[in-house]
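**Q** Before anything else, here's the structure in question.
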Amino acid sequence: MHQFTHINTNGEANMVDVSIKQDTIRTASAEAFVTMNSETLQMIISGNHHKGDVFATARIAGIQAAKRTWELIPLCHPLLLSKIEIQLEVLTATNQVRIESLCKLSGKTGVEMEALTAVSVAALTIYDMCKAVQKDILIENIRLLHKSGGKSGDFNAA
């Protein structure tokens with residue numbers, strides 16, 4: 001079984017020392033789903049939302065969140081991300097928006113937390129912009145889809 005890397009021998013939380021690791025290409029993608037009623041979704045799609053372009057705002061929020069993950073998650077390293085991509089897909093059959101992120105860099109540590117933070121904040125932004133018209137919007141199934149690079153190898157969600 002793997003050990004927690006952020007816990008020292010005394011059981012205290014510490015940032016992992018990555019100084020001796022070699023730079024490798026690292027990528028990660030994550031997804032989240034935002035479920036709402038059909039009227040709210042149509043308001044977003046049609047561009048009739050009084051706060052403006054919900055998807056553009058969510059996309060920018062996700063990008064900004066990935067860049068600032070190290071400020072939000074206490075033991076994350078500040079990273080020089082080389083790529084952040086946010087895709088939003090409307091699933092009209094289920095009244096959902098699927099958000100997918102892709103983060104990439106050449107560095108000493110992975111970008112999983114950046115990918116997860118990106119979709120989380122993009123989803124929260126959709127909620128924030130739509131809460132005036134619907135308060136019971138559901139954010140769910142936030143998960144890592146893929147990661148590559150580093151000594152732990154690749155991961156692909158089932």
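Just so you know, glycine gets a Cβ as well, placed from its N, Cα and C.
Not measured: the values here are computed from a predicted model.
I grabbed these lines from Swiss-Prot:
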type     : residues                  : note
ACT_SITE : D128                      : active site
BINDING  : L75, C76, H77, M113, E114 : substrate binding site
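What's the neighbourhood like for these features in this structure?
**A** D128 (active site) falls within a helical segment according to DSSP.
Annotation note: E114 (substrate binding site) sits in a helical segment as assigned by DSSP.
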**Q** With H, G and I counted as helix, E and B as strand and the rest as coil, say where DSSP puts C76 (substrate binding site).
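**A** Assignment for C76 (substrate binding site) reads coil.
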**Q** Using the Cβ centroid of L75, C76, H77, M113, E114 as the reference point for the substrate site, which residues of the same chain not in that list have Cβ within 8 Å?
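**A** In sequence order, the nearby non-listed residues are T69, W70, I73, L79, T109.
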**Q** Using a 10 Å radius around each Cβ and all protein chains in view, which of these recorded positions has the most neighbours: E114, D128?
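**A** Most Cβ neighbours within 10 Å: E114.
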**Q** Quick check for the class: what is the C-alpha distance, in angstrom and rounded, between L75 (substrate binding site) and D128 (active site)?
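**A** The separation of the Cα atoms works out to 27 Å.
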**Q** Can you give me the same-chain residues 6 or more apart in sequence from M113 (substrate binding site) with a CB-CB distance under 8 Å?
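**A** In sequence order, the residues whose Cβ lies under 8 Å from that of M113 (substrate binding site) (at least 6 apart) are T69, I73, C76.
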**Q** Could you measure between D128 (active site) and E114 (substrate binding site) for me? Cα positions, answer in whole angstrom.
**A** 21
